[in-house]
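Quick look at what TrEMBL lists:
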- 4-250: domain 'YjeF N-terminal' (DOMAIN)
- Asn83, Asn84, Gly85, Gly86, Asp87, Asp193, Ala329, Gly402, His460, Asp535: (6S)-NADPHX binding site (BINDING)
- Asn84, Asp155, Ser196: K(+) binding site (BINDING)
- 294-601: domain 'YjeF C-terminal' (DOMAIN)
- Lys505, Gly506, Ala507, Tyr508, Ser509, Gly534: AMP binding site (BINDING)
Amino acid sequence: MFLVTAAEQRAADASFSKTTGLPTILLMEQAAVALAEAVYNIVRKTDSSTEGDCDCKIGLSRPGVRARTREIKNIAILCGCGNNGGDGYALARHLVTDSCHLPADLRRHIKVYEYLPQRERLGDAALNRSGYLLCGGEIAPLAELTADATTLYVDAVWGTGYKAGRPVDAEFRAAAITVNSAKQGGATVLAVDIPSGLEADTGKASEIAILADSTITFGYGKPGLYINQGRHHCGHVKVAPLTIPLDAAKNSVGEQNPPTSTASATLSASVSAKGSGFASPDGKQPFCRRILPELDDFVRLLQPRQRDSYKGTNGNAAIIAGDPGMSGAAALAVAGAWQSGPGKVFAWVGRSAETAILSYNPAVLASERPSELTDDELRSRVQDYLTNLGDPAKVACLVGPGLNINSALETIIEAVLAWPGQTVFDASALTALSLKPAYSIKLMQKRRAAGLSKPLFTPHLGEYKCLLKATAALPEKAEMLKSESDLSLEAEALAEIWQANILVKGAYSFLTGFDDKIVYLPYGNSALAHAGSGDLLAGTIVGLAAQGHNLPVAAALGAFLCGRAAEIYIANGGSPRCFFWQEQLRLMRQIMAELESGTMT
């Protein structure tokens, strides 16, 4: 699916009226209808958290989401001063009338609680407030809100208007504490657009923010619903459509082409490994720069193998890793690569790592990397090694896991960058690049000038910050890396400087550096927070790339496989403290089988 920022959604809303000649209050009415349906489903206990649920479509597990068990006897709608509050007033009008068929007794226990009641409501919000009162609705100050386990709380206070770092006033703080306390006691909380106190663009939460069981957002998804604290605060997320013409949407964002209906077409068009992999089938770029892949995308990407395929048609993965004393990193990278399905996996490793790898999997073509070579000799050996693997279009190379940071690694990186195949840099290779940023950037630029593909960097947050700090220290680059509150925009600028694709790994991962796109990959949990997870992921990515996927697609698919495995493990009762790599590989095999058969849910 496509994601937009809060500003982009507001611009699309405003453009609606200019394009159609219709008043914007119609959009508020559409939002109210979607909310009324959600309330009806919650009250009737038919909200299964799957039907129409975007989390289900993208295969995302949310922490702390639980089924409702108590009967709802009251509905409290918290309304702010702006359009989010306007949505709340419009919903309240629907609920107090018989338009959504709530029980008559419940309709008598619906009340709006106003945030900053002394402040005048304007525009569409004022009209809907008046309409609610004309229908006999009750309004009380937010300060009168109380905690009750049998109340359905509807949060329409701030919506997308909250900005991270903004101080929280005492009135909202008290209300948020009340709602969250009631939720802890069994009450149900529904958020309008996004929980109040959560920033729509980044998912950063204020010191106190609403914790919702479910969130109904409108038009398009917002990044903050899926990343950072958004995963914890939003509950299940559903995107309710608005009838905004595509021309209005695209013009508001300032791009030239409308989006396709889902991100699926964008991703699935990439299977051919031509281009960056995130263009729509007609070659046009959708106006939305932010993409959240859905399960259907991954099903289309991981197609079953042809029955007549053989090892020569499935590509070769090459892994340069594992100096003495660090053979484990190389072994895990090899395990990830071999399991992802290339025809052959080659490992060029240091002394002792060869034995460790072959004891795990004798099918790996492991060989020892000479240690006593001059820089020129090593450069020549690297070039010969990669050349002997065959057609670069059918080979992908990973450099970094378990390598010492020294001049030999610098030489390996330089030689690999001159090779035309797809290349992934991880772990020590990224540290080496950050130690000589000016020289390393010139190597990247030279590679791109020769018409070769962008490499992929796969840093965790620590490696990313080192790379960022080193780059920002370059006088000519500092201006491009102005401090950004949005980590993904900062990484996008870094990727432009380095002429690379960057997969930033963390509590959520995201991918940037291609076609002016940002792909959010909010999969995984703390079960992956241990040494070796990144090595296994990097190996998985290079194995997928060897089979013909371009690097952005291989990175997205690899991050999904690893993250989804961790989510299944926790959902089945596993402890995040002891997610062994063997269990992760087993679950990844299960996920790949489900993707290939189209049975994943």
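For all residues, glycine too, the Cβ spot is worked out from N, Cα and C.
Annotated features, which come from TrEMBL, shown on the structure.
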residue: Asn83; record: (6S)-NADPHX binding site; contacts (Cβ under 8 Å, 6+ apart): Met28, Gly123, Asp124, Ala125, Gly159
residue: Gly85; record: (6S)-NADPHX binding site; contacts (Cβ under 8 Å, 6+ apart): Cys79, Glu114, Tyr115, Arg121, Ala125, Ala156, Val157
residue: Asp155; record: K(+) binding site; contacts (Cβ under 8 Å, 6+ apart): Leu78, Val179, Val189, Leu190, Ala191, Val192, Pro195, Ser196, Ile210, Ala212
residue: Ala329; record: (6S)-NADPHX binding site; contacts (Cβ under 8 Å, 6+ apart): Ala321, Gly322, Pro401, Gly402, Ala427, Gly532, Asp535
residue: Lys505; record: AMP binding site; contacts (Cβ under 8 Å, 6+ apart): Thr458, Pro459, His460, Leu461, Gly534, Leu537, Ala559
residue: Gly506; record: AMP binding site; contacts (Cβ under 8 Å, 6+ apart): His460, Leu461
residue: Tyr508; record: AMP binding site; contacts (Cβ under 8 Å, 6+ apart): Tyr226, Ile227, Asn228, Arg231, Tyr520, Leu521, Pro522, Tyr523, Gly524
residue: Ser509; record: AMP binding site; contacts (Cβ under 8 Å, 6+ apart): Leu503, Leu521, Pro522, Tyr523, Gly524, Ala559, Gly563
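Neighbour counts of Cβ atoms within 10 Å were compared for the binding-site residues Asn84, Ser196, and the top value is held by Ser196. Straight-line distance linking the Cα atoms of Ala507 (AMP binding site) and Asn84 (K(+) binding site), rounded to a whole number, equals 29 Å. Secondary structure from DSSP puts Gly506 (AMP binding site) in coil. Taking each of the binding-site residues Asp87, His460, Ala507, Gly534 in turn and counting other Cβ atoms within 10 Å of its Cβ gives the largest count for Asp87. Mapped onto three states, the DSSP output places Asp87 ((6S)-NADPHX binding site) in helix. Ser196 (K(+) binding site) carries neither a helix nor a strand DSSP state and counts as coil. Residues Lys505, Gly506, Ala507, Tyr508, Ser509, Gly534 make up the record's AMP site, and a Cβ search at 8 Å around their centroid adds His460, Leu461, Val504, Gly524, Leu528, Ala559 from the same chain. Over the domain 'YjeF N-terminal' (4-250), the average per-residue pLDDT in this prediction is 91.
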